[in-house]
Amino acid sequence: MSGRGKGGKGLGKGGAKRHRKILRDNIQGITKPAIRRLARRGGVKRISAMIYEETRGVLKTFLEGVIRDAVTYTEHAKRKTVTSLDVVYALKRQGRTLYGFGG
């Protein structure tokens, strides 16, 4: 199995390992106006100031679960790229079926 990278599939020597930037506190990227727009779409007229942090926390918890399941599907298929179908299946597993993305 010489001449193949870490994965064992494909040809080539496999490039140098890149350093991954440590991501922290990216949940603050979900801005106050973005949360406000989502609430407006849901029919909310007025929003309490404490809602924003609470919404970020709930969203982070929800996405962690979906991403964990999607990555599990990806690893089981021995792939390194998470596909839209992985996310669809992860959502379906959690009882939130999503239509329009195949599967």
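Just so it is clear, glycine is given a Cβ too, placed from its N, Cα and C backbone atoms.
According to Swiss-Prot, the DNA-binding region annotation covers 17-21. Across the DNA-binding region (17-21), the DSSP tally of helix, strand and coil residues reads 0 helix, 0 strand, 5 coil.
According to Swiss-Prot, the feature compositional bias 'Gly residues' maps to 1-14.
The N6-methyllysine annotation in Swiss-Prot covers Lys6 (among others), and the record cites similarity to another entry as its basis.
According to Swiss-Prot, the N6-methyllysine annotation covers Lys9 (among others), on the basis of similarity to another entry.
Residues or ranges marked as N6-methyllysine in Swiss-Prot (evidence: similarity to another entry): Lys13 (among others).
Close to Lys92 (N6-glutaryllysine) in the fold, though at least 6 residues off in sequence, lie Leu98, Gly103, each with a CB less than 8 Å from its CB. If you look up Swiss-Prot, you'll see Lys92 marked as N6-glutaryllysine, on the strength of similarity to another entry.
If you look up Swiss-Prot, you'll see 1-20 marked as region 'Disordered'.
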